[in-house]
Each structure stands twice: as C-alpha cells, then as structure tokens.
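Now, the feature entries from Swiss-Prot:
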ACT_SITE  C81  active site, nucleophile
ACT_SITE  H183  active site
ACT_SITE  E185  active site
DOMAIN    3-208  domain 'Glutamine amidotransferase type-1'
Amino acid sequence: MARIVIVDYGMGNLASVRNALRAVGFEAAVSDDPAAVAGADGLVLPGVGAFGTGMQNLARRGLDQAVRQAAAAGRPVLGICLGMQLLLAEGDEGGPRPGLGLLEGRVARLPDGLPLPQIGWNLVEPQRDHPLFAGLPTPFWAYFDHAYAVEGEPPSTALALTDYGRTYPSVVGRGNLLGIQFHPEKSSRAGLRMLANWGRMVCDLISTRPST
C-alpha cells in the first residue's frame with residue numbers, strides 16, 4: 001500500500017483532505033515529522049492562510065527541506081491551495097518572499113473589482129491531457145477560496161486555467177510535482193476524481209520502481 005503523507009505544518013484542513021482521500025480508497029497519515037515526510041511514497045501539501053507564515057512554519061519544523069528531498073527523489077507531491085503556492089518560486093503576500101522553488105511562477109494578489117477572496121465555484125479549463133484530469137469533463141467546476149494566484153503569462157507548467165479578474169493557472173505541474181489552486185476535497189465529484197487519479201499515479205510509480 002502506498003505511504004501517502006499529508007504534511008502538517010499548522011496550516012490546513014488536514015482532516016478533510018484525509019477523509020477525501022479515504023473516500024476514494026487511499027489511506028493517508030498526517031505528520032509533521034521530516035523523516036516521515038521525506039520517506040513518503042506520495043506527499044500532499046495542503047494549506048489555508050498566508051504565504052509568508054506557511055514558509056515560516058515549514059522552515060521552523062524542517063519540513064521545507066523534507067518536501068524538497070521527497071521531490072528530488074521523484075516522489076509525487078500534490079500542493080493544494082496555499083500548498084500549491086508554496087511550491088512556487090515566490091509569493092508577494094506581506095511582501096516578496098521565496099517559496100520552495102520547486103516550480104516556476106510568482107504568486108500575486110488577484111485584481112480589485114471583484115470580491116476577494118474568491119469564495120465559491122468557478123470553471124477550470126484543462127490546457128492539455130494529463131492523468132490528473134482522467135474522467136473529467138472539459139471544463140469542470142471546482143471550489144475556490146483564495147485571494148492570491150499565479151501572475152503573469154501562464155508558465156510552461158500551467159495545466160489548467162481559470163478566470164477571476166484575470167486568467168491564472170489553477171492547476172500547475174511538472175514531472176512528479178502537481179499543484180491545485182482550488183480545493184479538490186470540497187469540489188464534489190470532480191475533486192474526488194482528481195484525488196483518485198493522483199492516488200493511482202502514486203501507486204503506478206511505486207509499481208515501476210526496481211525491487212531492492
């Protein structure tokens with residue numbers, strides 16, 4: 001069975017993510033132990049709150065390096081909401097701050113003129129085929145709760161786009177790294193399907209590892 005770990009850095013709806021994974025057949029442990037995080041078969045980095053505080057909490061517990069270590073080892077890493085933003089190079093919430101630097105991109109506040117944070121359902125437009133989107137319609141609806149998003153021209157890692165005041169990547173990814181700006185655990189069937197797809201990706205990767 002895949003060892004999926006939900007990273008506990010004091011910012012996230014951990015139980016709801018774990019329950020959603022369980023609903024689609026995958027058990028996950030919640031841990032703030034860097035060794036458990038670095039040694040997981042798959043990592044979920046959830047998060048609700050401010051970019052700077054998130055990075056501080058990760059660093060204080062040694063979890064920033066543990067996530068980087070897991071990513072460098074090719075373990076699947078899934079960032080959700082703030083967790084997705086922390087995977088990127090930089091965020092400007094509370095002033096420019098470096099992120100984990102695992103994916104390109106900078107996080108900036110969404111433009112004024114619409115209610116912020118964006119809370120509720122919005123369309124997600126996949127831009128290319130990806131196993132994460134298997135079985136989903138194009139576009140599909142998902143549940144958002146955020147005031148910051150990737151800014152500028154969509155980077156090469158953009159897998160899906162959403163419009164709210166401006167068009168921004170709502171799903172990003174490269175190799176074993178994936179980030180979702182919305183909350184799949186709150187996004188009904190589409191969100192559960194994405195979590196199931198990601199869980200299968202973790203299991204498929206385990207099955208291809210050489211035996212030791």
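Positions of Cβ are set from backbone N, Cα and C atoms, glycine also.
DSSP assigns E185 (active site) to a helical segment in the three-state reduction.
A 10 Å cutoff on Cβ-Cβ distances gives H183 (active site) a total of 21 other Cβ atoms nearby, all chains included.
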